[in-house]
Amino acid sequence: MNIKDFLKSYKLIIIAIIVGLFLYFLALYSFDETQSRLVGLIGFLITLWTNNGLHMGTVSILPIILFPIFGVVDANSVVTNYSKTTIFLFIGGFLLAIATEKSGLHKQIASKLLSIFPKTPRGVLLSLMVTSGFLSSILSNTTTALLIITIASFLTTNKDFKFRLLLGVAYASSIGGIITPVGTPPNLILMDFIDSQGLESIPFATWILMMLPLAIIMMIIASEILLYGFKKENFELIELDKDKTELTHNQKKMLYILSGLGVILALNPIMKNLFGISINEKLTILTFGLLMFLPKIDLLEWKEDFAKIPFAIIFLFGAGFSIAMAFSKTGLATDIADIMMGFSYLSPMLLMIIIGAGVVFATELTSNTALTSIMIPIIYPFATKSGLDPTIFMLIVAISASYAFMLPIATAPNAIAMSTGDVDIKEMIKRGFILNIAGIIITFGVALSYWKLFL
């Protein structure tokens, strides 16, 4: 690091300290000393996550040091949050994702999906979005965006059509994450909180049945927003070489493994209901991930591939879980819920819309992982005291945290699309704002009419 970068980092850390102190003194007007310290520390951490004063992984480890030092939570309680089964689920899922990429199966999937739709503006856009959404439910949204944006960039030379394709991939990569519990960090945080509170967990297959219709509706709405104002004469398409080769041996192995895992996860809730027998889905996914290293399977190599796991993200999970735990242990979540009870005269429907809207627009500027970690422990006691279904309220928060479509800094897919140089930030903000609003309304409608069938 040169002196210029050091001074810049130092300045950003000072800004984070100032923000933390400001929030600490502000919180003293409403909360006790320990709770106010927690508010200040959270402000400090979120500012560092946002302004990149320190590497994300470094910031994510800080709760292990800061929470005990400032007397918020003891060290043992914090450390346990970095070794939860949810984190091992993420490791297993990422190992499967690495194996999928390494085998090239994702390219075969993309090629097949791209051939399904007609060669029209809507058909091409939807083919890319469906491909992105599907892959994002398995792979990370960052990986998906990188893979599919590469294809989208070369599909056309027309700038007006190209930026719509690029934004379509970015938006679908974020939307696709809601389809499975492992698709995006907020989903995992919600699952962990549900387990920690002793609530009835949402099985993997049930989650998919609940979220798939919402994801489909969101992608259709997104495609309409993106195609609005598009002139047909600007439609220009370069032929994409289709990979018509047979699946390789490794691709077949990977397909069988993923299919087997899918069958097990799909049968798990059925077996539980019929025979009272169930397996731990988190450990099952980790087991399947580790199977990739077995000699007879040989899809991953330990030295080469284990290093690809983004441990900074794993530490971010731990930080998120630690924040959620600290909210509960200090009583801050309950106290904020008591303050929110002052708004209990509002209808539950209006409250859901306000909460969802707040999360959607807040996640444009801050980590959706940190935001979900903060909001879910607050929403739970508030919903319980209001006599409302806490699971539906928490689901709205978790899903809304994936709706960040306006700004390049909001999500990695947005940033990747912007990095191509073919997307106008004004177009992203304008169309992203409309999609944010649509997401709030659609999620609210689906929550009240459809999710209740499963909960």
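Note: Cβ is positioned from N, Cα and C throughout, glycine not excepted.
According to TrEMBL, the features are:
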DOMAIN    48-398  domain 'Citrate transporter-like'
TRANSMEM  12-31  transmembrane segment
TRANSMEM  54-73  transmembrane segment
TRANSMEM  85-105  transmembrane segment
TRANSMEM  125-151  transmembrane segment
TRANSMEM  163-184  transmembrane segment
TRANSMEM  204-230  transmembrane segment
TRANSMEM  254-271  transmembrane segment
TRANSMEM  306-327  transmembrane segment
TRANSMEM  339-362  transmembrane segment
TRANSMEM  392-412  transmembrane segment
TRANSMEM  433-451  transmembrane segment
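As a quick check, the transmembrane segment (306-327) and the transmembrane segment (54-73) clear the bar of 3 or more Cβ pairs under 8 A, pairs 6 or more apart, so the two touch. Under the criterion of 3 or more C-beta pairs below 8 Å, with sequence separation of 6 or more, the transmembrane segment (254-271) and the transmembrane segment (339-362) do not qualify as touching, having fewer than 3 such pairs.
Among the recorded stretches 163-184, 204-230, 433-451, the one sharing the largest number of Cβ pairs closer than 8 Å with the transmembrane segment (339-362) is 433-451. Confidence across the domain 'Citrate transporter-like' (48-398), taken as the mean pLDDT and rounded to a whole number, stands at 83.
When each of 125-151, 392-412, 433-451 is scored by its Cβ pairs under 8 Å to the transmembrane segment (204-230), the top-ranked stretch turns out to be 433-451. Using a Cβ-Cβ cut-off under 8 Å and counting only residues 6 or more beyond its ends in the same chain, the transmembrane segment (433-451) has close neighbours at 171, 210, 213-214, 217-218, 221-222, 225, 349, 352-353, 356-357, 360-361, 364, 392, 395-396, 399-400, 403-406. Sequence-distant neighbours of the transmembrane segment (125-151) (same chain, 6+ residues past either end, Cβ-Cβ under 8 Å): 94, 96-97, 100-101, 106-107, 109-110, 113-114, 116-117, 164-166, 168-177, 179-180, 183-184, 215, 219-220, 222-223, 226-227, 240, 258, 411-413, 416-417, 420.
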